[in-house]
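Pulled from TrEMBL:
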DOMAIN    B:32-145  domain 'PurM-like N-terminal'
BINDING   B:Asp34, B:Asp81  Mg(2+) 4 binding site
BINDING   B:Asp34, B:Asp81, B:Asp222  Mg(2+) 3 binding site
BINDING   B:Thr51, B:Asp52, B:Asp129  Mg(2+) 1 binding site
BINDING   B:Asp52, B:Asp81  Mg(2+) 2 binding site
BINDING   B:His59, B:Glu275, B:Trp316  substrate binding site
BINDING   B:Gly128, B:Asp129, B:Arg154, B:Ser224  ATP binding site
BINDING   B:Asp225  Mg(2+) 5 binding site
2 protein chains.
Amino acid sequence: MADPQSALTVGDVGEHAVIQAIIEAAPSVLNGDDAAVLTHASPNSRSVVATDMLVSNRHFSFDYSTPFEVGYKAITVNFADIEAMGARPVGAVLALALPPDTPLDTVRELAQGVDKRCREYTTELLGGDVTASDQLVVSITAVGSLGGNRDALRLDRARVGQRVVAHGAIGYSAAGFALLEKFGRKRVPQELDELVRAHCQPALTPGRGVVARATGATAATDNSDGLVPDLDLLARRSHVGINLDADALQPDDLLQRAGELCGVDPWEWVLTGGEDHTLIATTASEAPSKFRTIGEVIRGEGVTVDGQAPEYQKGWVSF
Amino acid sequence: MADPQSALTVGDVGEHAVIQAIIEAAPSVLNGDDAAVLTHASPNSRSVVATDMLVSNRHFSFDYSTPFEVGYKAITVNFADIEAMGARPVGAVLALALPPDTPLDTVRELAQGVDKRCREYTTELLGGDVTASDQLVVSITAVGSLGGNRDALRLDRARVGQRVVAHGAIGYSAAGFALLEKFGRKRVPQELDELVRAHCQPALTPGRGVVARATGATAATDNSDGLVPDLDLLARRSHVGINLDADALQPDDLLQRAGELCGVDPWEWVLTGGEDHTLIATTASEAPSKFRTIGEVIRGEGVTVDGQAPEYQKGWVSF
């Protein structure tokens, strides 16, 4: 803290300087007017829009996440919804509600995380809004592009006989959160850092939704509220059942170790943890590149694991 | 309060019931999946995106605004940014951060206000997110469509010799706010209700941005931070000066009367009040339908009124 600049708060510098800091950290030629104008990739593309809000001390805490990680994650969770339609993210807008005593550096680092994750998807921060509040709120809306005439990947399009495929870890984010709650960021055993990172800065491979749609998937969602509740919604909307394969979901060594340390059955994290933003699709084809098969779409209703009711069912809900 | 239903809070009913109430109040077939898919109006249209956040007790207060008005206004302020590009609003997404003790009816009425205003623009609520927080935050992102090849109305496109035209009242919102602060909603003199409504539920005519662009306007913005600061930004970006016509901006009888009651020079509201979301454009043509001329674009820099520095200059800033 030798640099006196770093002690400045957003209340000290005011709205315009805060906006300037965000634009410098996440530059885009599309930003800076009343609204951003996006040219469509192709004449028959469609636009896809999703919004997801992160509230301080509900969805994240600076006790264990850096501002960079919060910005990065805020983009990831929004782009996961775009990917879950089989679309390609093309940009995001960021509305920030900030307590006046928020350090300007916090905003700058958060915007750097936004920018980093946007660029990993070859997208940019298109615009935003900054306002004062009592609690820090990060509200992002993601815009995507759905090319070609093929349908989007919809919750109501799972069909009996399809396989259920997943890209990304399942249960890691909840395990990481449990470790953070128990040990604090600095004391989580080094070998479990991958779980912590899955919670603080989930890094799914961009483009998997487009690949799933291109290879014949018809339905998809992302694992945000928990594997069982998210798939239960998909199954209900599609009027089908989903039977998961226990072997394919078996908690790995990392989850087992974390479970022992936290005194939690790691199956609870796998089945109901959520927040992994793992992309889950149903397809009649083979599992697409970087996906693995975790179950099948069957006649019936609800979600089963090896034909039985899941041991854990209730996921994340607000309030 | 005879109906026990009306005593329920969002914490009582939980996230899914809150989402259900919003979808019932603001129905759309496009809502309900991971993201909304929008088909473009025409092959050579572009998409326009803007976001604006309203925070309880900063941008609005239920002491003097109804939840319906807050929802209505939240759409208006966002669509004003779309109109200021010369584009047509096509939809909005709503992220709501809600204290758990928020009455469910409050959310329902807010969503009804959102729906009402969306439908006045022949648009719909496309999707959203609901989360718990300490403070009520309404975050909206508006999506618009810019048809044809003509440029958007940009801040940097005002040209010397153009007239400055405005659609909508100027200073009314700030006057209404001053009256609410002084008298409370119920005690504001009846004959000044139009000022109060301009603050609580600003009702600009939809489509004026499209009309301005179609009739030759090149630059536009909306009066959100205040007439002088908003036009100062436009003038700086365009490397021009703007000279306003005092006669055209002369406070009318309503503003004069409110000024007397509040002990405020009504010129302060006109020049710096902001939040009217009046559409202001520059054009070489005659003032388009429902616009009036309020000044001209000149060589030089900054904003003047009848050639003099404005008596009031500083508008709304956060923090």
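Glycine too: its Cβ is placed from the backbone N, Cα and C atoms.
In the predicted model, residues of the domain 'PurM-like N-terminal' (B:32-145) average a pLDDT of 96. Each of the binding-site residues B:Arg154, B:Asp225, B:Glu275 was checked for a CB under 8 angstroms from a CB of chain A; the ones meeting this are B:Arg154. The distance from the Cα of B:Gly128 (ATP binding site) to the Cα of B:Asp34 (Mg(2+) 4 binding site) comes to 10 Å. The substrate site is set by B:His59, B:Glu275, B:Trp316; from the centre of their CB atoms, other residues of the chain with a CB within 8 Å are B:Ser173, B:Ser224, B:Asp225, B:Gly274.
The residues of the domain 'PurM-like N-terminal' (B:32-145), classed with DSSP into helix (H, G, I), strand (E, B) and coil, number 34 helix, 46 strand, 34 coil. Counting only same-chain residues at least 6 apart in sequence, those with a Cβ under 8 Å from the Cβ of B:Ser224 (ATP binding site) are B:Val77, B:Ala80, B:Asp230, B:Gly274, B:Glu275, B:His277, B:Trp316. Checking each of the binding-site residues B:Asp34, B:His59, B:Asp81 against B:Asp52 (Mg(2+) 1 binding site) by C-alpha distance, the shortest gap belongs to B:Asp81. Put simply, B:Asp81 is the one of the binding-site residues B:Asp34, B:Asp81, B:Asp129 whose Cα lies nearest to the Cα of B:Asp225 (Mg(2+) 5 binding site). Cα-Cα distances to B:Asp81 (Mg(2+) 4 binding site) place B:Thr51, B:Asp222 within 10 Å, out of the binding-site residues B:Thr51, B:His59, B:Asp129, B:Arg154, B:Asp222.
A C-beta separation below 8 Å, combined with a sequence spacing of at least six in one chain, links B:Asp129 (Mg(2+) 1 binding site) to B:Val93, B:Leu94, B:Ala95, B:Leu96.
Ranking the binding-site residues B:Asp34, B:Thr51, B:His59 by Cα distance from B:Arg154 (ATP binding site) puts B:Thr51 first. The two recorded residues, B:Asp222 (Mg(2+) 3 binding site) and B:Thr51 (Mg(2+) 1 binding site), have Cα atoms 14 Å apart.
It is 19 Å from the Cα atom of B:Asp34 (Mg(2+) 4 binding site) to that of B:Thr51 (Mg(2+) 1 binding site). Taking CA atoms as the reference points, B:Thr51 (Mg(2+) 1 binding site) and B:His59 (substrate binding site) are 15 Å apart. Most Cβ neighbours within 10 Å, among the binding-site residues B:Asp222, B:Asp225, B:Glu275: B:Asp222 holds that distinction in the structure as shown.
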